Amino acid sequence: MGPAAGRCASRGLLFIFLAATVYFRWELCPGYDYGNRSLCCNANQLRTLKGSLQLPLQFLSRCPACFYNLMNLFCELTCSPHQSQFTKATKFNGSNVMEVQYYIGKTFASAMYNACSDVQAPSSNVKALSLLCGKVAQECNATNWIQYMFSTSNGQAPFPIIPIFSDVEVSGFTPMNNKTYACTEGLEDGSGPCSCQDCTNACGPKPNPPVVPPPWTIFGVDAMNVIMWFSYLSFLLVFLGAVLGAWCYRKRTVMSEYGPILDSNNPLSLNSDDLGQASPSCCETLGERFENFLRVLFSSWGSFCVRNPFVVILGSLVLVVAFSYGLRYMRITTDPVELWSSPASQARQEKDYFDSHFGPFFRTAQLIITTSTNNNFTYSPYFGGSDVPFKPIFDKDLLHQVLDLQLAVQSLVATYEGQNVTLKDICVAPLAPYNNNCTILSILNYFQNSHSVLDHIARDEFYVYADFHSHFLYCVSAPASLNDTTLLHDPCLGTFGGPVFPWLALGGYDETNYNNATALVITFPLNNYLNDSVRLGKVLAWEKEFIGFMKNFSNSNLTVAFSAERSVEDEINRESNSDINTILISYIIMFVYISLALGHIHSFGMFLVDSKISLGIAGILIVLSSVSSSLGIFSYFGIPLTLIVIEVIPFLVLAVGVDNIFIIVQTLQRDDRMPNEELHQQIGRILGDVAPSMFLSSLSETVAFFLGALSIMPAVRTFSLFAGLAIFIDFLLQISCFVSLLGLDAKRQERNRLDICCCVKLPESQQIKSDGILFRFFKKIYAPVILQEWVRPIIVAVFVGMLSFSIAAVNKVQIGLDQKLSMPDDSYVLDYFKNLSEYLHTGAPVYFVVEDGLNYTSLDGQDAVCGGVGCNNNSLVQQVYTASLISNYTTIAYTPSSWLDDYFDWIKPQSTCCRFYNSTGEFCNASVINPSCVSCRPMTPAGKERPVGEEFMRFLPMFLSDNPNPKCGKGGHAAYATAVDLKPNDGGVGATYFMTYHTILKDSPDFINALKMGRVLAKNISQSINHKVFAYSVFYVFYEQYLTIAYDTALNLGVSLAAIFVVTTVLLGFEVWSALMVSITIAMILVNMFGVMWLWDISLNAVSLVNLVMSCGISVEFCSHIVRAFSISTKRSRVERAEEALAHMGSSVFSGITLTKFGGIVVLAFSKSQIFQVFYFRMYLAIVLLGAAHGLIFLPVLLSYIGLSPNKAKVLAANKRYAGTERERLLNY
């Protein structure tokens, strides 16, 4: 409104301008017609009005009813011939009006506000009134909104206009109370009602999230706990009742109370296995023949290796060198994406699609700044209002110190290949090349990153009218404003041309009380590059410089947690390097133990003769050679290694390999050479006896691991491949190279030559062969004790109890990986993670990507996506908006930014945004004053419709290149330059995205749930619009594995158990029942591992899954040797056979795996790495203890109860094989 309007109202002077009338009716005030009445304005005043209302027009015209009511307010004030009834000029300067009172009906004001209160500003993810009311939208109401629009402080009103609100006549003036339209109503010109996104009342009832099902309980107690308790008690009742009943029955049946309960001749004994005189069955005969085939094969091979040691050793060495040569092609993968996400997975494909169409997600360097000072203070606004409390972090001196830090980071200079790299070289600058300022998400950008602007103050001798407090309070409510409402008139928009949303730059506040923030967050977004190693190298160099600078930064008033994109990977690498010493000490302890424990020392004087130090070292070298061969072979094929492979596989292969070494060596030490038997025949015979057991365990593990490679998780797949091959190569080297070395060592020992110094020979002496201490302990004490009649039921009860507890705990194991565990104890990133969790107030950005193929040039294609007037109620934008209303359930925090809706607002003919040079057709920015610039679309009914066809595509590139400015806040360059993938050669619109944010995500369950909800929403949208839409966020690729980790775990372990069962069945001579015993025991170990994981707070993730797969393999070593020894034992009763198997194999298993691993595992507890402490020390310790307990305690007892009866064919063959010898043992291992 100009002075002329004031004169018209005060003096009754009416100006008649036909052109102005047309302009008024068709552009600014459509629908208003006063017939032949003259209007109280001219064309210049209308142009001024239009210029003043450009921002409201651009942001509110998306809701026709809102915009109609708003223009009604201004049109009546400016041009109405009735304005003298509701306006009064109160101040004059000569003939010019300097102040006007405007009487407005309360009903009108409230209706206008209600129609506009929900209108969204798509590019800012906030309500439009936050940008137009001078306050955050929640604090805006009808009164203060109109007061703000009529105040000169907004930079648009030419003089003060004092609104007076009343629905009744005041001092002779009748308030303007024109007809209004609700946002749910259509207009007379055919405009439809506002969309649900812009009008809550148009949405119907607010959606209610599904009711979360209550926990499954029985009598208020966890249902699984109750079920397992009941099952366990029922088992105890039945089992102990059966045992007691059988004992009483035998007691009554045996004539003498001193009769032997375990008498196998007693047909009523539980331990009786009367072989009778029956002939072996066909299956037993087949099993014996297969067993004999393996025995003969390995015996012949062992004899050959001992007779030709140098040929075998040299051949093995050549093969190992050839295989290991592939290590020169070794490639280690540390990229988390490559480690945890399969190229064929949905998240990986979606990431690749996003990166290829929109560029990779930007990198970040971030500071979280807090202070230890407690100087809370209160700000009292001069122009009234409640006092505002501020936290210490907003102290002005501290803000200057923070700004110094920010500017210091901005000025960092790194060096890459001799070139200087600054922040401006690598930062995200959305308005480049017009504005090369870097995006810096910091509240100091409200002050243009300037000390002088921060110190800007409006005051006189007595009062402070405005300062940084008032500017901050305005900017957090209107971050995109170019002019605050205070007397400072400073912009809030960042120097990079975009808004800094307070939820991204502040932390530790409550609700929207940003003045209560306790932390400042400064984020430097950096460019990321897919296939440009040079530019990516520059970014990495600057990040390294940034990290080094922040490590050395010190300020007594500020506490700064920081991180760069490379920080996690750097710290993981540093952690791996720092743990090398721990791992080496662990292996050294195991090596020393193996070297010393292999020897059977008869006397101190014969120590160096009887020791096996050199043989132990050779055995360890064979284990390491098998690992290097496996790594080399796969490196030939270009399969990359992972840190898990390097850290875990040596441990696994050492467990398997050392166990086999102990079995071979200790069997030889306990064996007596038969008459006329040479050394090569003896070792061949021994290998024939024990190699089938080694083959059984090694092949079972190999097949199980190779089947585990079917996993879709790269880390698990790679580990399984490398582990399976390493174990099989280790077995081959042990039955060849190690056997040859064993023969050489045996010859050395027979000739009384010293170990290591084999050229030194001691005098001949008579040696008395004796069993080792451990073997005697197992045979004389341990085995008889645990297999006593009263001990066995206790053992079964205890282990079934452990199993029941673990089953109840399986579903309570947490899924995910706390990223803090992957960091060393002394890492600076731990502080950053802690502060991130404590202060973060928004989640990660989430993009709803519309894949290529949607026709945006048609109304149907537009309606399927947009969120404004006329758009479908189930459109993409509308569904995401609806999801944001129940953010606690959907994890969608805000309304999405919509390039399409902003484009429609930008191109409207009422707006000054879309213009082009009439002479050239080139785009003309709204800030350009040039008469040749004309509006893109005519002010006609057709021109006001949404653009379609060629017209849509003609102006879209202009929108995407337009920078926001005071004349046009809808320019799409800053917000949407990368959101639309325009096809080359005017090929149309390809893929596009619509961005919003997730809610606060703090731990793995939050991230997993956000991924689930994003995909559910994207699936619903795809079905609604009949076009592929997917949700993408930067963390999806890491957390997708957890959506199926439970299934993958069950599948991997189930397939491994099935493989072990099949291989064991075949190699035990088709004894299905014995194979089932092995599988049941291994399954119990695995289930108990879950119980330990729950007790010890170990989550289920790829790392723990690798360990579970490994535990499946190691469990074979604890079980298979015992079961095979039991199956070929010729003792008559199950108890005797279990005792013999435990005595002969138990000591080797205990010394070969349990003691070896226990010493090495304990060292891992002292690692600086939390992931080593949790996933390696705790899980490895559990694997060894549970494996030893089940293999050496439970399994023998189980076999003593329900083990398979002796194979008659094997018994007959053994008796025949040893007929005429003096051997007291039927079978020696």
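The backbone N, Cα and C atoms fix where each Cβ goes, and this holds for glycine too.
Nobody curates TrEMBL annotations by hand; they come from automatic prediction.
Look at TrEMBL and you will find 1-24 tagged as signal peptide. Sequence annotations record features per position, and here TrEMBL assigns transmembrane segment to 229-249, 310-327, 583-601, 613-637, 643-665, 686-713, 719-744, 1050-1068, 1075-1096, 1102-1120, 1141-1167, 1179-1202. According to TrEMBL, the feature domain 'SSD' maps to 579-744.
Here the transmembrane segment (613-637) touches the transmembrane segment (719-744). Their Cβ atoms form 3 or more pairs under 8 Å, with each pair 6 or more residues apart.
Contact between the transmembrane segment (643-665) and the transmembrane segment (719-744) is supported by 3 or more Cβ pairs under 8 Å, counting only residues 6 or more apart in sequence.
With a cut-off of 8 Å on Cβ pairs spaced 6 or more residues apart, the transmembrane segment (583-601) and the transmembrane segment (1179-1202) reach fewer than 3 such pairs and are scored as not touching. Per-residue pLDDT, averaged across the domain 'SSD' (579-744), gives 82. Remote same-chain residues near the transmembrane segment (686-713) are listed as 291, 294-299, 301-302, 340, 342, 344-345, 656, 659-660, 663-664, 667-668, 671, 719-721, 723-725, 727-728, 730-731, 734-735, 739, 1041, 1044, 1048, 1051-1052, 1055-1057, 1059-1060, 1062-1064, 1067-1068, 1102, 1105, 1109, 1112-1113, 1116-1117, 1120-1121, 1124-1125, 1145, 1227-1229 (criterion: CB distance under 8 Å, separation of at least six residues from the stretch ends). In this chain, the transmembrane segment (1179-1202) lies close to the transmembrane segment (1075-1096): three or more C-beta pairs between them fall below 8 angstroms, excluding pairs fewer than 6 positions apart. Against the transmembrane segment (1050-1068), stretch 1075-1096 has more CB pairs under 8 A than any other of 229-249, 310-327, 719-744, 1075-1096, 1141-1167. The stretches the transmembrane segment (310-327) and the transmembrane segment (229-249) are not in mutual contact, being linked by fewer than three Cβ pairs under 8 Å (pairs 6 or more apart in sequence).
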